[in-house]
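Trainee: I'd like to ask you about the structure that follows.
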Amino acid sequence: MTLTEIQNVEKENAGASVPKHSSNKLKLEKELEKLEIVDQTKAASAEETNNESEVNELDADEPMLQDLDNRFVIFPLKHHDIWNFYKKAVASFWTVEEVDLGKDMNDWEKMNGDEQYFISRILAFFAASDGIVNENLCERFSNEVQVSEARFFYGFQIAIENIHSEMYSKLIETYIRDETERNTLFNAVDEFEFIKKKADWALRWISDKKASFAERLIAFAAVEGIFFSGSFASIFWLKKRGLMPGLTHSNELISRDEGLHRDFACLLYSKLQKKLTQQRIYDIIKDAVAIEQEFLTEALPVDMIGMNCRLMSQYIEFVADHLLVELGCDKLYKSKNPFDFMENISIDGKTNFFEKRVSEYQRPGVMVNEAERQFDLEADF
């Protein structure tokens, strides 16, 4: 029965006695209820379709986002530069078990309350942030990008981000003995407003159905290239002081990984046909810089561990300029790097930290080309 037929029957039965037609009335009401649910579902589906078409229209002609018949097979390679990034990621694979935290507790127990507070909150931020990056990769980027080489990279990045999250969680579990405080740190997004603010900014880009792929790509390049930069620098400051060897070793590995992820985002952006205006990129980057500066100079000031807040603010601007140049834009802040100990740490394009890593950080044989694999009996030994 249609909705109109049901309503007509209801009108006919309106004057009838209740006992005689009560069962029919109940049936009609149930059927009417079902039809209303169906109508609501159809309306919601139509609205969702409209939203999807709006999203698709923004990126409709972007080749990298279009379905490809051969996207399930990697060879023959079509994007050798993207593939090279994937192989670099594989070569740099590491596990939490490789990081020795045995000597850290002596340093931790010698630190004052401010230093312990600062480090624990930085670790809490990192533990949550890697999960947010993965949320974006799983929900959006790896589903949208159809280029096989890029999908390989994203698949491996998800695994690496999981290792980062595990590492930070292990650091918290090792340093923080009080269970209540530990649980508070594991729920940092809900417990600390200054961490929630950064998380909300990143999450907004995941849920924004109207933002173009290019905008979201820039936003997450800012997450990994700006939101992490000051926190990395604060931990490297501890290394300069000869403290926390396990923490600083993991920081070296993770900052190298994130530098690679940031550079990959810039490479992918360079391949997009529909690029953003320089002003739009500036708007996204300025937003991220302001949040990061507030985070490390007001909400969780680095002077708690003996760093200079003004110089940290300058360093964040320097990092932002580096990202802008990689994206093909002019520098916005023109700030110099105030921290000599951060020269070559996944930031300076002249000497990439990935290329300077010690040999044990790289998986053997992964980046070796075919010519180097050949065994020559006439070679000099």
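Including glycine, each Cβ sits where the backbone N, Cα and C put it.
Sharing the features that Swiss-Prot gives for it:
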REGION    1-27  region 'Disordered'
REGION    39-59  region 'Disordered'
COMPBIAS  49-59  compositional bias 'Acidic residues'
BINDING   Asp130, Glu161, His164  Fe cation 1 binding site
BINDING   Glu161, Glu224, Glu258, His261  Fe cation 2 binding site
ACT_SITE  Tyr168  active site
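Have a look at these and tell me how they're positioned relative to everything else.
Mentor: DSSP classifies His164 (Fe cation 1 binding site) as helix under the three-state reduction. Shown in sequence order, Phe126, Asp130, Ile254, Asp257 are the residues of the chain, 6+ apart in sequence, with a C-beta less than 8 angstroms from the C-beta of His164 (Fe cation 1 binding site).
Residue environment of Tyr168 (active site) contains 26 other Cβ atoms, counted within 10 Å of its Cβ in all protein chains.
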Trainee: I need the CA-to-CA distance for Tyr168 (active site) versus Glu161 (Fe cation 1 binding site), whole Å please.
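Mentor: So the alpha carbons of Tyr168 (active site) and Glu161 (Fe cation 1 binding site) sit roughly 11 Å from each other.
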Trainee: Between Glu161 (Fe cation 1 binding site) and Glu258 (Fe cation 2 binding site), how many Å separate their Cα atoms?
Mentor: 9
